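Novice: Handing you this structure, nothing more for now.
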Amino acid sequence: MCGIWALFGSDECLSVQCLSAMKIAHRGPDAFRFENVNGFTNCCFGFHRLAVVDQLYGMQPIRVKKFPYLWLCYNGEIYNFKQLQKQFGFDYQTLVDGEVILHLYNRGGIEQTASMLDGVFAFILLDTANRKVFLARDTYGVRPLFKVLTDDGFLGVCSEAKGLINLKHSTSLCSKVEPFLPGHYEVLDLKPSGKVASVELVKFHSCKDEPLHVACDTVEALPSGFDIDTVKSNIRILFENAVRKRLMAHRRIGCLLSGGLDSSLVAAVLLKLMKEININYPLQTFAIGMENSPDLLAARKVAAHIGSEHHEVILNTEEGIQAIEEVIFSLETYDITTIRASIGMYLVSKYIRKKTDSVVIFSGEGSDELTQGYIYFHKAPSPEEGAEESERLLKELYLFDVLRADRTTAAHGLELRVPFLDHRFTSYYLSLPAELRIPKNGIEKYLLRLSFEDSNLLPKEILWRPKEAFSDGIASVKKSWFSILQDYIDQQVDDLLLEKAAEKYPFNPPKTKESYYYRQIFEKHYPGRSSWLPHYWMPRWVKATDPSARTLKHYKSATQE
């Protein structure tokens, strides 16, 4: 996890502009560098470093003697950099996994570079010899990237939007800052003036397509066919491989553990693999919730079963409510369910940073979207429509769950790893017949659970534990976090304000007091930027006015039996 920032063609003094780069200092607490580009007095890079690999030569922008005309600023992890070195005979000068980007680009250009990277990344690559600037972002947008490009060719790029919104420029003070699309790369011409012109924006990977880098994967070709035993075996092999490749770190590894299926599977496989490769410290697992909440109790059970060093963070109502503004500022969104679910994750990340030395944090994000884990999937009209919805959710992850996971951890200088979003694992899962992937016997993620049934990785009651609405999982038995939030916000927002919400906020108008409250805070920090969220996250196929699963009939019957 790092913070990247770059400007091309700035009219203003760079030392003034670089104050904007400090807005993302939280992403890289270990070191900071600000560097001008030789020969271009109005172009520069800013980099905040979280040192996870190569403590000595890991500062950026990365430049190597072999390619003095290439400058690279990237945020991410490239898991197959050693396999690519072996396959193409690359001569690395550092231990930094991202150095492979320079070698791939020199060998085959930007398209091959983006397509061959197995990992998560957002990067800015400058080629001064050919006067080109390249931007790229991984398939699911696990690593964030924003850009602003003015009509006269001033370009700003940053890990988070907050590093771009106050940039000064002669022609416009309020240019459109927008997220760079996942699974794309952009080619820009660099003019002698330091300004740029966009040449093309190319989609290099879709979630359903098997990625090109499978050719140099450590897992051999898997048996084909859709008989259930083959499918279950392939799912186990690919998921284990997804966790294994993410063990690449020189800093301590930990794992978020809610006690739900996804984080529990990640934690169990992670611990098993850490033992296999003799990592000589215990795995720390982290759970958050109110006293005796369902999540805390389930996480405790999992930690005891797998033998992790378990930490519990008790969610204090007051602390949760006080964190709302900080959370919205960190997230850069006003989406209701994203904010609700972020509060616990933000506070547990704060605890990890303050109280432990775990820096690389594994998590279960992406599973609900991939394996049809949301409760409303029970209402899908057909398996095919369920499969389509799954793909839509995956494409939009960068606006919702992946955004939450990145910002809440990065706010505290932690690096998140999400094995469920491994390219090879997701493309295989999406290639399975739609009928195999739907909820069965009233249980969502049926196929995923079935695949691990005989592994003894988890207690049976955890493996088959029904989906909790996040705000209920962390809640106390007496009163849900959902209800606590509603009661507090009800006092903060007047009925009249809500009635006039559509006049004040015509784009994505708030329909509830909670939504209005969040929007007010968002507009305070990011006025006029509501288009960053194209629409609210809402369940499909049901008449829902609130995104919480607890409002769905199926959920009520499942939890009130």
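Using N, Cα and C of the backbone, Cβ positions are placed for all residues, glycine too.
From a predicted model like this one, the values you see are computed outputs, not experimental measurements.
Sharing the record's features from TrEMBL:
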type: ACT_SITE; residues: CYS2; note: active site, for GATase activity
type: BINDING; residues: ASP97; note: L-glutamine binding site
type: BINDING; residues: LEU256, ILE288, SER363, GLY364; note: ATP binding site
type: DOMAIN; residues: 2-191; note: domain 'Glutamine amidotransferase type-2'
type: SITE; residues: GLU365; note: site 'Important for beta-aspartyl-AMP intermediate formation'
Novice: Over the residue list LEU256, ILE288, SER363, GLY364, recorded for ATP, what is the maximum interresidue Cα distance in Å?
Specialist: 15
Novice: Which residues, same chain and not among LEU256, ILE288, SER363, GLY364, have a CB within 8 angstroms of the centroid of the CB atoms at the recorded ATP site?
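Specialist: Output for this site, in sequence order: CYS255, LEU257, SER258, SER263, PHE286, MET345, VAL348, ILE361, GLU365.
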Novice: Quick one: pull the CA-CA distance for GLY364 (ATP binding site) versus the residue listed as 'active site, for GATase activity', whole Å only.
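Specialist: Counting only the Cα atoms, the answer is 21 Å.
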Novice: Please give me the CB contact count at 10 A for GLU365 (site 'Important for beta-aspartyl-AMP intermediate formation'), counting all chains in the structure.
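Specialist: Neighbour count, Cβ to Cβ under the 10 Å cut-off: 28.
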Novice: Using only C-alpha positions, which one of CYS2, ASP97, LEU256, ILE288 is spatially nearest GLU365 (site 'Important for beta-aspartyl-AMP intermediate formation')? These are the recorded positions in the record.
Specialist: LEU256
Novice: Sorted by position, what residues of the same chain at least six away from SER363 (ATP binding site) have a C-beta under 8 A from it?
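Specialist: Long-range Cβ contacts: CYS255, LEU256, SER263, VAL266, ALA405, THR409, LEU416, ARG417, VAL418.
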Novice: How many Å separate the Cα atoms of CYS2 (active site, for GATase activity) and the residue listed as 'L-glutamine binding site'?
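Specialist: The residue listed as 'L-glutamine binding site' has its Cα 14 Å from the Cα of CYS2 (active site, for GATase activity).
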Novice: I'd like the number of other C-beta atoms within 10 A of the C-beta of ILE288 (ATP binding site), please.
Specialist: 27
